[in-house]
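Here is the structure we will look at.
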Amino acid sequence: MSYTPGHYAGSRSSSGNRSGILKKTSWADQSERNYQTFNRGRKTQPKFTVSTQPQGNTIPHYSWFSGITQFQKGRDFKFSDGQGVPIAFGVPPSEAKGYWYRHSRRSFKTADGQQKQLLPRWYFYYLGTGPYANASYGESLEGVFWVANHQADTSTPSDVSSRDPTTQEAIPTRFPPGTILPQGYYVEGSGRSASNSRPGSRSQSRGPNNRSLSRSNSNFRHSDSIVKPDMADEIANLVLAKLGKDSKPQQVTKQNAKEIRHKILTKPRQKRTPNKHCNVQQCFGKRGPSQNFGNAEMLKLGTNDPQFPILAELAPTPGAFFFGSKLDLVKRDSEADSPVKDVFELHYSGSIRFDSTLPGFETIMKVLEENLNAYVNSNQNTDSDSLSSKPQRKRGVKQLPEQFDSLNLSAGTQHISNDFTPEDHSLLATLDDPYVEDSVA
């Protein structure tokens, strides 16, 4: 006995178009029946048959299911093992075997007069039917992809009858849960009218005007299921536009950078995270003996520096900070602008231990050597450049040698005064004290 998709064995189903098919939809490339219904007032168009359809759009064999259309170039049509056979009520799992056949579609002329080829569409045929009815399962054929259920015996043809397009309409392609559809493809008719037709089907059949409603709905479904020539390109452009939109980096304006900086600086000092919008000096001040880490590049980028993540691996956890450090609570004098506040500082000292077996050890050592006390070398280089650089002469003005010396000295003194920390100033004050010779007892 031959199985018919959409028929239950032994069920009482009426003849004709109401023969138990799950859902009936007209597909433009397969059936043109009842064309006069929605062509009133127009000249009747000839009905294409298998022998009279134009070349390039001929489908000599009619599939039981709607097609799968490609909308992205360069994508392979494939299913995982055990997947790819559409759901068909009335066909047992043992007969769920067959192949997908690539149908080359016609070309069309664009607005600028160029010929453009539509991307192919694939149709499913049961094993032993369709254009390769005599082929064995798994045979290497151009434009054929074999699929089968794990329970199907692929050594014998499937016992499924061929579809008669005059009395049997195509079934919308549906797959079992978990099936992965090939990327760059979409199922014809999926998600178009299913959500709109189910809720109102019962109420429409009971109403007095169900015949006119069904006719209008049929007209709507027909026009909605026709694939326009440029539909594949429209979908591809939408996908590419979506990808391009998501891949564009977010631009930060001056106003946004100012807001980010203000948000960081309003946090307590120990909660600030310096970045390229609010650098290290803005968050924690200039480098000196008490804050001696960071070269020029890292001070500028903060945590956005490419080398910072590997240093973050060395940072202690909150538990290690509190339980592995020496802590001292010190009360500070109230600030002048807020004398009513009690200010405390939690002083801490500890160590971070690591050895040469740590992943990325050599890189960590290199980064540490480049950033520890980097401010010392930076100050020395800047001072030497300031003292050795010659001031620009004003055009038409002759400067005396004494003026050059005073300019160099003032520039160097000003730079040193700006870069020294309070600890450095106290050290300079000590050096300015008069020299006292040690007495010999």
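Residue numbering: from 1, along the chain as shown.
Yeah, the Cβs are placed from backbone N, Cα and C, and that goes for glycine too.
If you look up Swiss-Prot, you'll see 1-55 (among others) marked as region 'Disordered'.
Taken from Swiss-Prot, the feature compositional bias 'Low complexity' covers 10-20 (among others).
According to Swiss-Prot, the compositional bias 'Polar residues' annotation covers 27-39 (among others).
As annotated by Swiss-Prot, compositional bias 'Polar residues' applies to 46-55 (among others).
As annotated by Swiss-Prot, region 'RNA-binding' applies to 53-193.
Among the features that Swiss-Prot reports, domain 'CoV N NTD' is placed at 60-189, with the record citing sequence analysis.
The annotation region 'Disordered' is assigned in Swiss-Prot to 153-226 (among others).
Under the heading compositional bias 'Polar residues', Swiss-Prot lists 153-170 (among others). For the compositional bias 'Polar residues' (153-170), residue counts in helix, strand and coil come to 0 helix, 2 strand, 16 coil, using DSSP.
Taken from Swiss-Prot, the feature phosphoserine covers SER158 (among others), and the record attributes it to sequence analysis. Sequence-distant contacts of SER158 (phosphoserine), defined by Cβ-Cβ distance under 8 angstroms and a gap of at least six in the same chain, are GLU95, ALA96, LYS97, GLY98, TYR126, LEU127, GLY128, THR129, ALA152.
Sequence annotations record features per position, and here Swiss-Prot assigns compositional bias 'Low complexity' to 189-220 (among others).
Feature annotation from Swiss-Prot assigns phosphoserine to SER190 (among others); the stated evidence is sequence analysis.
Residues or ranges marked as domain 'CoV N CTD' by Swiss-Prot: 257-379.
What Swiss-Prot records for 264-382 is region 'Dimerization', and it gives sequence analysis as the kind of evidence. Per-residue pLDDT, averaged over the region 'Dimerization' (264-382), rounds to 87.
Annotation comment: Swiss-Prot describes 379-404 (among others) as region 'Disordered'.
Here Swiss-Prot flags 379-390 (among others) as compositional bias 'Polar residues'.
Residues or ranges marked as phosphoserine in Swiss-Prot (evidence: sequence analysis): SER388 (among others).
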Residues in the region 'Dimerization' (264-382) grouped by DSSP into helix, strand and remaining coil: 50 helix, 20 strand, 49 coil
The domain 'CoV N NTD' (60-189), counted residue by residue under DSSP: helix, strand, coil: 3 helix, 34 strand, 93 coil
